[in-house]
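A.B. asks: After the structure tokens below, expect a handful of questions from me.
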Amino acid sequence: MFKEKRNSFDGKKYYEVSITGKQLLLNSFLNKDTAFTLEERREFKLNGLIPNVVETLDEQAVRVYGQYLKKETDIERNIFLTQLYDRNETLFFRLLQEHLVEMVPVFYTPTVGDVVQQFNQNFRRPRGLFISYPQMAQIEDILNNIPEAYDVSAVCVTDSEAILGIGDQGVGGIVISIAKLAMYTLCAGFHPTKVLPIVLDVGTNNKDLLQNPLYLGWRHERIRGEQYDDFIDAFVSALRKRFPNVYLHWEDFGRQTARKNLDRYKDEMCTFNDDMQGTAAVTLGAILAGLKVNGTKMSEQRVVIHGAGTAGCCIADQIVAAMMVDGLSEKEALSRMFLIDMNGMLHSNMDHLEYFQKKYAQPVEVYTDWDRVKGKIIQLSEVVKNVKPTILIGTSTQTGAFTEEIVKMMASYCDRPLIFPLSNPTSRCEALPSNLIEWTNGKVLVATGSPFQDVRYNGKVYPIGQCNNAFVFPGLGLGVVSSKATRVNNEMLVACAKVISECAQINRDPSLSLLPSLTDIFDVSYKIAYATSKAAQQTGVAPVTTEQEIHDNIHSNIWKTSYVKYTTKSAIDK
């Protein structure tokens with residue numbers, strides 16, 4: 001289809017392209033629309049297939065932005081952007097780069113959750129791979145359908161069981177994989193042909209989908225147990241055979257499978273779970289930035305996490321690691337961590353705990369003398385009352401869980417409490433930033449999981465930082481691929497968190513947010529790519545190189561949103 005080449009005289013990049021005419025116009029990566037030169041139009045049989053005028057990429061971007069502005073809802077805007085992506089990828093990424101803050105919430109979170117729910121009604125054109133359980137014996141053949149020109153280095157895969165805060169969405173989860181990988185390109189410069197979105201269609205327990213005549217997935221209840229494990233193993237084995245050095249990003253797997261899948265393969269290949277590790281890294285980065293403001297140490301914190309699933313526990317893991325770096329033993333760090341699930345605070349008398357929750361179960365003697373209602377589950381309000389946490393994090397998807405009473409209680413003993421309602425989408429967050437600021441008289445240091453507008457309170461403006469995993473996973477992926485890392489380890493994730501804290505806006509101005517600005521995300525991603533490359537080398541999971549080679553390798557993997565010259569092999573031969 002195409003090969004990337006370099007001119008032997010000036011070193012400029014060009015593509016040797018083997019398709020012509022309509023076929024070329026229908027290839028979303030190679031299509032330039034009206035930007036094909038007159039020479040290219042003759043050479044590739046495009047004369048008469050597009051208007052006569054030759055435009056620049058910038059001129060095209062002006063036109064499509066005008067079209068975008070005419071859309072009235074975020075869903076309509078998302079559909080417009082998706083159609084542009086499916087027609088001309090270079091123009092799509094140029095448009096989003098120029099209007100990053102405006103368009104990322106439309107193409108990515110939070111709008112993507114609504115788009116997933118409407119996938120079956122709004123389906124237009126497939127992108128990525130759809131691999132269903134009945135196709136288990138054909139997975140290798142399916143992966144071989146990817147053209148050789150697409151040298152995939154990063155895959156984002158989901159089984160759609162836990163999409164954002166909206167749960168099981170069946171085959172519609174492909175939209176999440178697509179959006180995530182678009183962010184890899186937009187924020188870190190991943191080449192669009194080197195990423196592959198995949199949905200593993202293992203059925204769905206969503207009755208609305210199963211009863212929907214337009215549903216496009218496998219109409220079957222979700223497979224579980226050995227059947228599921230065998231299917232995942234068949235997929236991973238086939239993927240590694242087709243792309244031996246691939247970086248595998250797991251996305252939106254369920255509570256029973258997310259941690260299990262990661263733990264099963266993390267020592268065999270380079271793999272990463274964004275909901276767990278990405279969320280943990282960006283959250284720790286925001287915490288470290290907050291501690292600079294209130295002048296306290298990691299080892300001094302008391303932490304309550306409301307939501308003890310895979311994300312909550314992975315955040316806890318990262319915080320414990322940071323406390324240990326600050327001088328605590330693991331036992332001491334764990335004694336400062338209080339996690340709550342649907343059955344209340346985790347404690348040693350519980351018999352339903354997941355294996356990854358058990359170390360966070362507090363001994364009975366810790367809470368025996370607490371001021372609480374005896375004989376019932378230990379509620380969030382009781383934990384806050386007795387523990388007096390300095391950090392409160394929400395990953396529960398329980399709307400309004402951080403009540404006025406709880407927040408005011410924290411503010412009564414903590415001068416600058418850190419409160420992070422991280423649940424997505426916006427409708428599921430534990431508290432609104434405006435309420436947190438009002439209830440604490442502006443003392444709170446807040447970060448959220450979804451984007452929120454600035455809050456005005458008592459004549460001051462409070463920017464709300466979003467713990468957006470996009471500050472982590474694009475740069476981490478770029479670092480992994482550029483350094484040829486064979487694993488993603490904890491040291492690399494800590495390196496991500498440190499970069500985020502160093503790039504936080506609050507470092508420049510104490511009235512700003514705990515996170516970097518989205519407008520700086522490409523710079524943040526580059527710094528993370530460098531930091532993770534360095535950490536990978538220092539921990540022995542990547543070949544050791546010079547400092548300059550680290551930078552050179554990163555730059556060589558960054559794709560620029562510009563059109564390059566096309567030529568045919570026959571033209572070269574002449």
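Any Cβ shown, glycine's included, is placed from N, Cα and C.
Pulled these features from TrEMBL for this protein:
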- 85-266: domain 'Malic enzyme N-terminal' (DOMAIN)
- Lys180: active site, proton acceptor (ACT_SITE)
- Glu251, Asp252, Asp275: divalent metal cation binding site (BINDING)
- 276-537: domain 'Malic enzyme NAD-binding' (DOMAIN)
- Asn424, Asn468: (S)-malate binding site (BINDING)
A.B. asks: Given Asn424 ((S)-malate binding site) and Lys180 (active site, proton acceptor), what distance in Å do their CA atoms have, once rounded to a whole number?
C.D. replies: 15
A.B. asks: State which of the following binding-site residues has the fewest other Cβ atoms within 10 Å around its Cβ: Asn424, Asn468.
C.D. replies: Asn424
A.B. asks: For the divalent metal cation site given as Glu251, Asp252, Asp275, which other residues of the same chain have their Cβ within 8 Å of the site's Cβ centre?
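C.D. replies: In sequence order, the nearby non-listed residues are Thr158, Ala162, Ile163, Ile176, Trp250, Phe253, Ala258, Asn273, Asp274.
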A.B. asks: Could you give the mean pLDDT over the domain 'Malic enzyme N-terminal' (85-266), rounded to a whole number?
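C.D. replies: So the average pLDDT across the domain 'Malic enzyme N-terminal' (85-266) works out to 97.
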A.B. asks: Report, in whole Å, the straight Cα-to-Cα distance of Asp252 (divalent metal cation binding site) from Lys180 (active site, proton acceptor).
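C.D. replies: Counting only the Cα atoms, the answer is 11 Å.
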A.B. asks: Can you give me the Cα-Cα distance between Glu251 (divalent metal cation binding site) and Asn468 ((S)-malate binding site) in Å, rounded to a whole number?
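C.D. replies: The separation of the Cα atoms works out to 14 Å.
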A.B. asks: Which Cβ among the binding-site residues (Glu251, Asp252, Asp275) has the fewest C-beta neighbours inside 10 Å?
C.D. replies: Asp275
A.B. asks: Cα-Cα separation of Asp252 (divalent metal cation binding site) and Asn468 ((S)-malate binding site), in Å?
C.D. replies: 15
A.B. asks: Distance check, please: Cα of Asp275 (divalent metal cation binding site) against Cα of Asn468 ((S)-malate binding site), rounded to an integer number of angstrom.
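C.D. replies: If we compare the Cα positions of Asp275 (divalent metal cation binding site) and Asn468 ((S)-malate binding site), the gap is 11 Å.
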A.B. asks: Per DSSP, to which secondary structure element type does Asn468 ((S)-malate binding site) belong, with helix, strand and coil as the options?
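C.D. replies: The residue in question, Asn468 ((S)-malate binding site), is coil (DSSP, three-state).
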